[in-house]
Amino acid sequence: MVELAPSLLSSNFSNIQADLDKLKDANIKYLHLDIMDGIFVPNISFGFGLIKSIRKNNDFIFDTHLMIDEPIRYLEEFKDSGSDIITVHYEACSDLNKTLEKIRKLGLKVGLTFKPKTKVECILPYLKKVDVCLVMSVEPGFGGQSFMEDSLDKVRNIKKYIDENELNCLIEIDGGIKTHNLKRVIDSGVDLVVSGSDIFSNGEIKDQVFKYYKIFNS
Ligand SMILES: O=C(CO)[C@@H](O)[C@H](O)COP(=O)(O)O
């Protein structure tokens, strides 16, 4: 069963809880949290303070995508703020094994992702250590960008590797997903779909979520 993880980055920051209530009402399980440091990516989003404050009133699985340099420095803080999954970038970690192991030791689900220009072969050897492999279908840093078609081949390669090696790793995709390209995205073999602007800025949130699940189930 494919699941949708709406990206908080595109929510209405002046009334976040109202948007979260709508997601809850639409039976959303995962919430995607994009953390940007202005160094690893050219944008700054929000940090563990905000995550901690929304954790109090929300039971979603907090799927935290760290677009920050050397994320190993802040893993405890993201755990304490309420993250359930922590995903780090291949390019951001000087010691990737140590970073992945630390997330595991903290008792969290381990995620690994990579920028669009990084070859998919670079991350395959690490998949045995991760629970979620996130394929970026835009350059990380901003919501509302166009979907990169070549990301679907990356999903297919990763899926083949996971199946051949009998790994227990979900595939997530993030960036530029809309209802019009969703069917192709699902057919490539993903388990989790992140969507921001199409969920929060395209009419009623609940209606958009239902459109996604209708396509997931078609
Ligand atoms: O991580 C990112 C961007 O860096 C994404 O999570 C986007 O926020 C997704 O937004 P849309 O492309 O769906 O608007």
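Placement of Cβ uses the backbone N, Cα and C atoms for every residue, glycine included.
Site annotation (TrEMBL, ligand divalent metal cation) includes HIS32, ASP34, ASP174; from HIS65, HIS180, the additional listed residue is HIS65.
According to DSSP, HIS32 (divalent metal cation binding site) sits within a strand segment. A gap of 10 Å separates the Cα atoms of HIS65 (divalent metal cation binding site) and ASP174 (substrate binding site).
Rounded to a whole number, the C-alpha distance linking ASP34 (divalent metal cation binding site) with GLY176 (substrate binding site) is 14 angstrom. When each of the binding-site residues ASP34, ASP174 is scored by how many other Cβ atoms sit within 10 Å of its Cβ, ASP34 comes out lowest.
Taking each Cβ in turn and tallying the other Cβ atoms within 10 Å, the top scorer among the binding-site residues SER7, SER197 is SER7.
Put simply, SER7 (substrate binding site) is 5 Å from HIS32 (divalent metal cation binding site) when counted between their Cα atoms.
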